Each structure stands twice: as structure tokens, then as C-alpha cells.
Amino acid sequence: SKLAALFEHPLYNIPVPEVTEKDKLFVVNPMEKFSLRSSGSDEWVSSSKAETLLPTGKTAYDTYPSWLKFHIGINRYELYPRRDPLLPTLLRDLATQRITSSVQKSGGTQLKLIMTFPNYGQALFKPMKQTRDQETPVDFFYFSDFERHNAEIAAFHLDRILDFRRIPPVSGRLVNITKEIRDITTDKKLAKTFFISPAGNVCFYGECSYYCSTEHALCGKPDRLEGSMAALLPDKTLAKRRSWRSPWRRSYHKSKKAEWELNPNYCAQVRETPPYDRGHRLLDLIDMAILDFLMGNMDRHHYETFEKFGNDTFLLHLDNGRGFGTHSRDEPSILAPLQQCCSIKKSTYLRLQLLATQPYRLSDVLREALAADPLAPVLAEPHLRALDRRLGKVLVAVGHCLAR
């Protein structure tokens, strides 16, 4: 296994700083237990009502469902640990847990659903809109592109292979539109948009600002539909997040250009602007630009951080559905933060060099990681080959910076 060998490499075993209580997103009562009433009511029972003694050798933490353990594990330095024994369980839960509720997520340009499980876990479901081998048409603007379910799955694994670990876990899943969405939804607006197509397939389109119409309906075969299931982050009422506008945000206008596209010395003013004037925020942003270039994602207008940790924490790489749309061409402008600032974390650079070598080739380790997903193969082969080509271009860009 190339993937196992990669994670054993010394570059993937650099210790994170010691995590103190104030570095944890949540400080939990170690005596609080989680159990579901056996009556079938799926009701949370706190320690005051649960049995006072747990089975021998078990702690209260052992009673927590995987999503709750994931939330509790978030800290200032990482969304989840490198050697997280919880990850396979959480991914399996996302793929197999019974869905008790499906409602449309408000906001955003395209249809997404929030799905709830019996243990109160929740996932964001992005349905399949195009096949693996379809490329984004050359005349499409990046802001009118489809969001791809398989891009969300691949982005999670790529982010982990790069050792960023800033994307919440995502699994593919085959959903039954009739039983797992239409029959159980309490969302009246969503419920009104279901219909049977002339081919006899169950379809729906929801309500959103783009692509929510009968022409862009999502149809099953006859009611089976692929999608990505992403573990939701803690509710914002429990863990506030701050949204930051990216300094390299595109203009989102058909003819206007953004300032960074016109000013070759743009990075100089970014370096003087908080929070990029101190700490590792700018370097984290360059990490994100490299991730986006490898995926071909041009749609990174904002990013988020957990408010509790202030400016000294990692960036959340959320909403990656517009990645992996093209494999036959690369978009060099995504690398602007790296090229204009000529800065990169040493650890990131060393890992990128490692992933360009035969024993750990990026396309090979990502292919292996994606093979375990329920919807494998997640990416068409040309997309995997494009990753190796783009990685080479990132290393060339760093080489130019070093030469300068």
C-alpha cells in the first residue's frame, strides 16, 4: 500500500503542538454519557438519566456516536488527527446510517440537502449532477459551473493526502430518492418539486437561485441517486465560525478583473493587511491555493475559521464541489497567491516533492484512497493523471521563486 507507506513517512509524523484545554473547540464533561432510549424513540439521554455504571472498562466517551467524537476532537491545529482511528467508522456511518430526515439546506446557488441519522448525526448531501467523464464546457464561467458530488469526495481525500486535514470527512452514498428523501421530508417546498419523468424515473429539483427547475431536475434510476455525504461541522450556535473574504477572490463579473489580476505587486499590500501581516495565515492561504490548483477549483471566494481560536488557527476548506471539472487544461491563475507572494511552508513544499516521486506518486495514493469509497471509481483516470501534471507545475512555480 503506497498510501500506508506515505502516512508512515517522517514528513507525515511531524508532531503538532501540545493541545491544552483552551486549544480544544469543546471541553466536555468526562462523566456525560450518550445513549439512545431502547423504546425506539431515538431520544438523547444525559448521564443523569442513563445508567450510572458503564460496562467494565468503558468510559463515557465510548458511548458517544462517531459524529460527536469528531466534533470533540477538533482543536486549534487540526480538524481531525493524522492517525484518527475514528475516521473509518465516521465514513461508514455517513455511507450506511439510516436516514431519518431530509430537508433542503437554505442558501447557496445549487440544491443541497441536510440529512439526519438516528443518533442525531447530520450530513450535507450533494446529489450527482453529471457523469465522471463529463468536463466543464470551455465557454462556461466558473460561477455557473455545476457542483460535483465526486469532487467533494475526492477533495476530502486529497486534502488528507496533502496533510492539511482541513476538509470535514466525506463519503459517497447511493440514496433512494423515494424512501430516503421524498417519503420522509418535512420540507414542504422541497416536497412540491418531486415528479415522475417520462422515462419513469423519480425526480426532484428543490428551490435555489441556480439550476432548480424541471430542466435541471435530479433524477434517479429509477429512484437511486448518487451523492456525497459530508459530516457537518458543529452547529454555529455551539461553535461560531468567522467567514473571511479571500484576498484573491475573483470578480464574479463576466468582464471585470479583480485587483490581484491587474497589480503584479498585489501581495505586498496583502502582507501589510491583518490578519496576513503576522502568523501563518498567508501561508495557510497559499496551501489552500495549491489544493485548489490541483483540483482545478476557481470558486474559492471565502474561507472560514473557528472564532474561538482567533487568527492563530487553520483555515476550513469547505465547499469543494467545483473542483475536478476539467482535466485537459489547467488554470494557472489559481496559483496567484503562491506566484505573487513567493512563499510556501517548508513542510508543504517537502510533502509536494515527496508526492512527485515514484513510490508516493500523488495519482497513485489518491486512487488507492478513493478505491475504498462506496461510489468507486470516484474520479475518471484523466483527472488522476492531471494531478501529477499540476503537481509538477506547482513545483516549477516554487523553483522560479527560489531562483529569484
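Backbone N, Cα and C define each Cβ position, glycine as well.
Automatic prediction, not curation, is the source of TrEMBL annotations.
Listed features, source TrEMBL:
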- Asp299: active site (ACT_SITE)
- Gln110, Lys126, Glu147, Ala230, Ala231, Leu232, Leu233, Glu304, Asp319: ATP binding site (BINDING)
- Glu147, Asp319: Mn(2+) binding site (BINDING)
- 194-403: domain 'FAM20 C-terminal' (DOMAIN)
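All features noted in TrEMBL, drawn onto the structure.
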{"residue": "Gln110", "record": "ATP binding site", "Cβ within 10 Å": "19"}
{"residue": "Glu147", "record": "ATP binding site", "Cβ within 10 Å": "25"}
{"residue": "Ala231", "record": "ATP binding site", "Cβ within 10 Å": "24"}
{"residue": "Leu233", "record": "ATP binding site", "Cβ within 10 Å": "21"}
{"residue": "Asp299", "record": "active site", "Cβ within 10 Å": "20"}
{"residue": "Asp319", "record": "ATP binding site", "Cβ within 10 Å": "23"}
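Across the fold, the C-alpha of Glu147 (ATP binding site) and the C-alpha of Asp299 (active site) stand 10 Å from each other. Put simply, Asp299 (active site) is 14 Å from Gln110 (ATP binding site) when counted between their Cα atoms.
Cα separation, Asp299 (active site) to Ala231 (ATP binding site), rounded: 21 Å.
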